[in-house]
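Per TrEMBL, the feature compositional bias 'Basic and acidic residues' maps to 204-215. Taken from TrEMBL, the feature domain 'Ubiquitin fusion degradation protein UFD1 N-terminal subdomain 1' applies to 25-123. According to TrEMBL, the domain 'Ubiquitin fusion degradation protein UFD1 N-terminal subdomain 2' annotation covers 126-200. Per TrEMBL, the feature region 'Disordered' maps to 200-262, 286-314.
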Amino acid sequence: MVFLAIQFSFNMFDHPMPRAFQNRFSTQYRCYSVSMLAGPNDRSDVEKGGKIIMPPSALDQLSRLNITYPMLFKLTNKNSDRMTHCGVLEFVADEGICYLPHWMMQNLLLEEGGLVQVESVNLMVATYSKFQPQSPDFLDITNPKAVLENALRNFACLTTGDVIAINYNEKIYELRVMETKPDKAVSIIECDMNVDFDAPLGYKEPERHSQHHEEPTEEDTDPSNYEMDLGFRAFTGSGNRLDGKKKGIEPSPAPIDPSDIKRGIPNYEFKLGRITFMRNYRPQTRRMEEDDAGTSFIAFSGEGQSLRKKGRKP
């Protein structure tokens, strides 16, 4: 029995490690924002996407592993138990250091020089995603789907719960990833993904006032209750004489009689989407109808005339 136990333990340690553990990249780096990256070139392009910059030793280690492409990584802050996913842009960072976009450090609750765990992962291809703008200003964009599609070209993957930042017209818009399918973390490289938007944070829909049609009362139909039009009235100005006298030049406009004001009759049978052309129609009297009936047109009922008189021959 002892021999068998020793033999079993020996075979266990001698057994090769599974292939999944051999192909797994896992290490820890101190992370800094892209603004701390040394160099003459401006690397603001890193802030516009979801990819990080890693040291050259990571590329050397990844090349020895039989990992799948594209390279996708899971970032974890063990102190706050926050995690996200990203791609890699370049391998030019100093050893032991990686550079992250500022919005990604905010999601992970990381400070400058904090430790982050980087692990290689394989993600499913995205088919659907839903975003919620964090400000109503996002509604000012004419075509938000086209703007988001162009911005997501700099991203490699999406994680549900992250707040990503996109730059448009020199303004940064933040969007929260509300939902992703078929998994909570998906790859968006070379995919056909449907995008939907939720109502922006703090957005209030405008109030709609219902229109009630009220029938006019007797007081409304009284012309004396109408307000007088105090606007422009023709020939109401004053004139001046050449000799300077002011006799007989005072204007005397004719007063407006309230009975002259005519009020239109509303169309109570109005229906939305229907145009009705009103015409001034006066019904004809019964007498006029009888006259028309007596003088109605009858074909071939006229009489002919001749230029010479007809008479008997002598």
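Along the chain as shown, the residues are counted starting at 1.
Glycine is treated like the rest: Cβ placed from N, Cα and C.
Those TrEMBL annotations? Automatic predictions, nothing curated.
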Over the domain 'Ubiquitin fusion degradation protein UFD1 N-terminal subdomain 2' (126-200), what is the model's mean pLDDT? 91
Reported in the order helix, strand, coil, what are the DSSP residue counts of the domain 'Ubiquitin fusion degradation protein UFD1 N-terminal subdomain 2' (126-200)? 16 helix, 33 strand, 26 coil
With DSSP helix as H/G/I and strand as E/B, how many residues of the domain 'Ubiquitin fusion degradation protein UFD1 N-terminal subdomain 1' (25-123) fall in helix, strand and coil? 24 helix, 38 strand, 37 coil
